[in-house]
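Going by TrEMBL, these are the annotated features:
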| type | residues | note |
| --- | --- | --- |
| ACT_SITE | S73 | active site, acyl-ester intermediate |
| ACT_SITE | K76 | active site, proton acceptor |
| ACT_SITE | S139 | active site |
| DOMAIN | 38-152 | domain 'Peptidase S11 D-alanyl-D-alanine carboxypeptidase A N-terminal' |
| SIGNAL | 1-29 | signal peptide |
Amino acid sequence: MKTTFSARFMQRMALTTALCAAFISTAHADDLNIKTMIPGVPQIDAESYILIDYNSGKVLAEQNADERRDPASLTKMMTSYVIGQAMKAGKFKETDLVTVGNDAWATGNPVFKGSSLMFLKPGMQVPVSQLIRGINLQSGNDACVAMADFAAVARMLSSG
């Protein structure tokens, strides 16, 4: 079979490129310094933080880790997870009404000062679905406390 000049040229170029790429990648593989590839501790603009290796429990990075801090969004995410698991187990439904207690009162609790809220008041009856929305969308600390109280009561009642 007769090949044209351009086809032979393209075949040679492809072969040359492949050989060069193989040579370059193997020639420099020994020169890699793995330690320079691992980034250092990140610069985090936060008053306190901690990063722990899941498998070993070793603290990888921290700043003021022992300083007392108010719960942040991770606590709300975990509360949402626990609520979801309890609902999945049939402990309560989205339509159940939660009576807001004094500890979840937004303006009457100094712990909530300056935080994101649903602005709940003691005695309010709020459906579970609205509190879940308040936790997940508004990041409402008061909604989180109201749901945590409700879930705790539901657990006590179901355990006997």
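Cβ atoms are placed via backbone N, Cα and C, with glycine included.
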Between the C-alpha atoms of K76 (active site, proton acceptor) and the residue listed as 'active site', the distance in angstrom, to the nearest integer, is 7
Whole-number Å distance separating the Cα atoms of the residue listed as 'active site, acyl-ester intermediate' and the residue listed as 'active site' is 7
CB contacts under 8 angstroms to the residue listed as 'active site', restricted to the same chain and 6+ apart in sequence, sorted by sequence, are S73, K76, S116
Counting Cβ atoms within 10 Å of each Cβ, the densest environment among the active-site residues S73, K76 belongs to K76
In the domain 'Peptidase S11 D-alanyl-D-alanine carboxypeptidase A N-terminal' (38-152), averaged pLDDT is 87
